[in-house]
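Swiss-Prot annotations:
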BINDING   Ser10, Phe11, His18, Gly94, Leu95, Arg96, Glu104, Val129, Gly130, His131, Ile132, Thr133, Ala134, Thr135  ATP binding site
BINDING   Ser10, Lys42, Ala79, Arg93  substrate binding site
SITE      His18  site 'Transition state stabilizer'
Amino acid sequence: MNRIALYTGSFDPLTNGHLDVITSAASICDELVVGIGAHPSKAPLFSVDERAALIDRSCRDFLKERSCRLSVQPFFGLAVEAARAAGARILIRGLRNGSDFDYEAQMAGMNAAMAPEIRTVFFVASPGVGHITATLVRQIAAMGGDVSHFVPQPVLRALEAKSKTDG
């Protein structure tokens, strides 16, 4: 049986916290679809195409070692509809703290009501990454701070390149 899971987020940028969830998800599925939420009204740091390339470069090799195929695609609208379109029966969510759990448990309940065939699986953040958020990474990087402990190398290089062109 081909187990397909969908992990959605903005991934702007991809962080080591996201990688932690992706690594955990790879242990329970044969194919992981990373769905990049595309919101036309928001002004992201990286375009959807840039984020997709960064996710691919950051994840492809280590997922191959785990026999998990990776695909990255944008999605608009509801995560359960994106899961259905991808053939996924599992939604992956990461939890950093109790606040995340409260929100994600409500979302899982709503998703189950809309799509009972799709299950939500939660992965609790590893101790070393529970404090990382993409918002804080963007803010620290914008102020010239060192984010090397918070993002994978391809993302770090992209942030550095962006700061040179924007600064």
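Each Cβ is built from the backbone N, Cα and C atoms, and glycine gets one as well.
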Can you name the binding-site residues among Ser10, Glu104, Gly130, Ile132, Ala134 whose CA is within 10 A of the CA of Arg93 (substrate binding site)? Glu104
Between any two of Ser10, Lys42, Ala79, Arg93, the residues recorded as binding substrate, what is the biggest Cα to Cα distance in Å? 22
Ala134 (ATP binding site), number of other Cβ atoms within 10 Å: 21
I'd like to know which of these binding-site residues, His18, Gly130, Ile132, is least surrounded, judged by other CB atoms within 10 A. Gly130
Cα of His18 (ATP binding site) to Cα of Ala79 (substrate binding site): how many Å, rounded? 17
DSSP three-state assignment (helix, strand or coil) for Ala79 (substrate binding site): helix
DSSP output for Glu104 (ATP binding site) maps to helix
Filtered by Cβ under 8 Å and at least 6 apart in sequence, the residues in the chain of Ala79 (substrate binding site) near it are Leu6, Thr8, Gly35, Leu91, Asn111
Taking the binding-site residues one at a time (Lys42, Arg93), which has its Cβ surrounded by the most other Cβ atoms within 10 Å? Arg93
